[in-house]
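Feature annotations, courtesy of TrEMBL:
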- 1-17: signal peptide (SIGNAL)
- 50-388: domain 'FAD/NAD(P)-binding' (DOMAIN)
- Cys87-Cys92: disulfide bond (DISULFID)
- Lys96, Gly163, Asp373, Met379, Leu380, Ala381, His382: FAD binding site (BINDING)
- Gly227, Ser228, Gly229, Tyr230, Ile231, Gly232, Leu233, Glu234, Glu250, Gly324: NAD(+) binding site (BINDING)
- 407-519: domain 'Pyridine nucleotide-disulphide oxidoreductase dimerisation' (DOMAIN)
- His509: active site, proton acceptor (ACT_SITE)
Amino acid sequence: MVTRAALLLALFGAASSFAPARGPAFRLRTHVTSLNMSEEGGGSESEYDFDVAIIGCGVGGHGAALHSRAQGLKTAVFAGGDVGGTCVNRGCVPSKALLAASGRVRDMKNDHHLDSMGIKLEGEVTFDREGIAAHAANLASRVKGNLENSLIALGCDVVEGRGALTGKAHEVLDQKTGKVYTAKDIILAPGSIPFVPPGVTVDEKTVYTSDGALELQYVPEWVAIIGSGYIGLEFSDVYTALGSEVTFIEALPQLMPTFDREIAKQAERLLIRDRPIDYRTGVFASEVTPGIPGEKPVTIKMIDAQTKEHVETIEVDAAMVATGRVPNTKDMGLEDAGIVTNRGFVAVTDKMEVLTSHEEDGTVVPNVYCIGDANGKMMLAHAASAQGISAIENIAGREHKVNHDAVPAACFTHPEIAMVGPTEEQCVERAEREGWTLGKSQGSFRANSKALAEGEGNGIAKVLFNKDTGKVVAVHIIGIHAADLIQECANAVAAGTTVQELSMMVHTHPTLCEVLDEAFKGAVGMAAH
């Protein structure tokens, strides 16, 4: 039997055990054969153009491609002219640049905060809107270039056109050229697009989705944000830091409806009440009409979410539509392949295998997988990447399932919000349903030396755990650098670590992570230093 190590050595040489080498070694690989790696490390000749074809090249498709090449599989990515996808080009990457720049402006305008640290700032704090927008665009371009270079370096074939299924097994159509390629396994990774509710007219100038908002064409004096989830909250942070007034329009009875309630209350106090933000809850924006910057306002008509009666009409300078995202699965040939979607979402098994439908009688479509936003399991870039790696593991014959309860999430406001696992409300329901006792412990940033040194004492870290087993079920944090702190907790959930074990682990002093140490120790009745 030929081992995987021997195959990698033969294909790529001794210089690299994990990644294909550049140059002749890889080109020789494309002309000799296509290897289908299994757990035993065997390879076999293939009649296909590729071992793996990936439709879509966002974070999920890119992650799948890199892992596929690491397994020695001949891989093609149908990028559709969008290497990096939403996250890199129109989402999490450029938005973090806007948040970083606007956050600096907010900090420098906070006289009380500066005075408390003995800092005096003479003169008015100003900013260059075009410069901030360029910072976001440049970052997106740089990261996109890094992704493109990594694909080339690892020997992936990048097809410029968007891929689609043809209805025949193992076939992928390049919609740009009309050429049909074959692959033993196909991964669907088309991502998602902003959802625009009925009655809302988007011109991406005065009424825009997150795509248009990232361009920061101007800073409106008054902007309405329709939806109060992650995207809406982050942009409210940007706008208020740059001087805008914000009005949230939320269809559900409370702001931040998907967040843990205790965290949402803290967020309302820290991110909304202390800022030029007001809100309407329990109402739909039934009709939104674009305006003309500086000349004509945007008109928003609102109706009661329950009665559908007209409630109010407001005129604002701009409106941002942040009502979620929908799968980008249209015109992908899914129907031709016998795949029935539910509002565009593709049903999959825990191994990312595509099912013919979401119904109980849905069956697995052989050799077709779907990852990322399109399957609806968890619409996060890093979840998509994890699913892509998992799909390749299953293609390679090593059964793997992603534990979505251990996938963290973050909202990059100032301060940040981060979480892993269910909300406390969901944990209560789960404990009752499954017959275990829920435990809860908190750490406070007000008692954290590093947070106080930074002048950032607001926030809490809440640990939810199974009292019977001690295992951590969920953690929710609001506070400075919460997005970085949550990873320790995600690892604990993934590994099944108990609060007893965590309470005895040593955390560096003085650091922000001691807020978690306080919570872990509190869970077992210990006092934190």
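Backbone N, Cα and C define each Cβ position, glycine as well.
Please treat TrEMBL annotations as automatic predictions, because they have not gone through curation.
Here Asp373 (FAD binding site) is compared against the recorded positions Cys87, Cys92, His509, and the shortest C-alpha distance is to Cys87. Rounded to a whole value, the Cα-Cα separation of Gly163 (FAD binding site) and Gly229 (NAD(+) binding site) is 31 Å.
Taking only the Cα positions, the spacing between Leu380 (FAD binding site) and His509 (active site, proton acceptor) is 32 angstrom.
Same-chain residues that are not part of Gly227, Ser228, Gly229, Tyr230, Ile231, Gly232, Leu233, Glu234, Glu250, Gly324 yet have a Cβ within 8 Å of the Cβ center of the NAD(+) site turn out to be Ile225, Met256, Ala322.
The closest partner of Met379 (FAD binding site) among the recorded positions, by CA position, is Cys87; the full candidate set was Cys87, Gly227, Leu233, Glu250, His509. For the domain 'Pyridine nucleotide-disulphide oxidoreductase dimerisation' (407-519), the DSSP counts in helix, strand and coil order read 44 helix, 32 strand, 37 coil.
Figure note: comparing Cβ neighbours within 10 Å for the recorded positions Cys87, Cys92, Met379, Leu380, the maximum is reached by Cys87. The shortest Cα-Cα distance from Glu250 (NAD(+) binding site) to any of the recorded positions (Cys87, Cys92, Ala381, His382, His509) is found for Cys92. For the domain 'Pyridine nucleotide-disulphide oxidoreductase dimerisation' (407-519), the model's pLDDT averages out at 98. Lys96 (FAD binding site) has a Cβ environment of 16 other Cβ atoms inside 10 Å.
Under 8 Å, Cβ to Cβ, and six or more positions away along its own chain, Gly227 (NAD(+) binding site) finds Phe248, Ile249, Glu250, Val321, Ala322, Thr323, Gly324. Remark: His382 (FAD binding site) has Val59, Val407, Pro408 as non-local neighbours, by Cβ distance under 8 Å and separation of at least 6 in sequence.
Measuring Cα to Cα from Cys87 (disulfide bond), none of the recorded positions Gly229, Ile231, Leu233, His509 fall within 10 Å. Here the candidates are the recorded positions Cys92, Lys96, Gly229, Ile231, Ala381. The one whose C-alpha lies nearest to that of His509 (active site, proton acceptor) is Lys96. Separating the Cα atoms of Lys96 (FAD binding site) and Leu233 (NAD(+) binding site) is a whole-number distance of 13 Å. In sequence order, Gly58, Val59, Gly60, Cys87, Gly91, Cys92 make up the list of same-chain residues 6 or more apart from Ala381 (FAD binding site) whose Cβ falls under 8 Å from its Cβ.
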